[in-house]
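Lifted from TrEMBL, the feature list:
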type	residues	note
DOMAIN	7-125	domain 'Response regulatory'
BINDING	ASP12, ASP13, ASP58	Ca(2+) binding site
MOD_RES	ASP58	4-aspartylphosphate
Amino acid sequence: MVNKKINLVIADDNKEFCSVLNEYLSNENDINVMGIAGDGIKAIELVYEKKPDLLVLDIIMPNLDGLDVLERLSSMNKDLKPYIIVLSAVGNDKITKRAITLGADYYVVKPFDMEVFAQRIRQMLNTTINSGNAVRTSTYSDNAQSGTYKNESINADMMNEITKIIHQIGIPTNLKGYMYIREAIFMVINDTALLSLVTKELYPSIGKKFSTTASRVERSMRHALDIAWTGLKEENINEIFGYITCNKKGKPSNSEFVAMVADKLRIHNVV
């Protein structure tokens, strides 16, 4: 029997994220990344040119956003139209419903477990390396536990609030540290004991999720905070967190920043 790989195209304007996702999926024996698009127009071009089985589509992109791409592809020949997984940095019920209405087969909130994501791809297409035709499955269903996310929809509001604070601080979204910091905050909110096990458990867990090392996670988080803190004034920090922070003694450590955000969300009863 002829081996059948799952051919896919990635469409996301975050180069760092694309690099991480491409590297992970390219190492899977039954998955082939045919191309990467940095904007909506290029995404449509690649879909028509490469005719992939699957399009991994970010909702926010330049030129044409994910919803625009879905609208353009809705008129595509059904035999050629790929399955579509929509990615988003925040969970929003209205956007989710709109994406599904426009033809998305699945909706995933970033960051996510790479291993589970690859499993979802296989489940959606109902195919393996030794099987033939893909069969379309039901849309937007996730009853399985997926690493840190036991149910992505339940955690969407929490991730949304975490993202808002990170944006206020000014951490660039194109840095790997951005994703690692968000994941660290999310994990600590769910298990505060991790703050005393940063080196032994927190960094290694994030590294496993994003297919990298604990030391790279630590360095990337530090780099992202260094960049953000350079442009911040004490009054800005106090305005965000509502109390005098460790700013007087300089930039906070990775664990201090994670704790600050987790505390803020608890104080405001977000979690």
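Just so it is clear, glycine is given a Cβ too, placed from its N, Cα and C backbone atoms.
Here the features listed in TrEMBL are painted onto the structure.
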residue: ASP12; record: Ca(2+) binding site; CB count, 10 Å: 24
residue: ASP13; record: Ca(2+) binding site; CB count, 10 Å: 19
residue: ASP58; record: Ca(2+) binding site; CB count, 10 Å: 24
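Counting residue by residue with DSSP, the domain 'Response regulatory' (7-125) contains 52 helix, 27 strand, 40 coil. Listed in sequence order, the residues ALA11, ASN14, PHE17, CYS18, GLY38, LEU57, ILE60, MET61, LEU87 complete the 8 Å Cβ shell around the Ca(2+) site centroid, once ASP12, ASP13, ASP58 themselves are left out.
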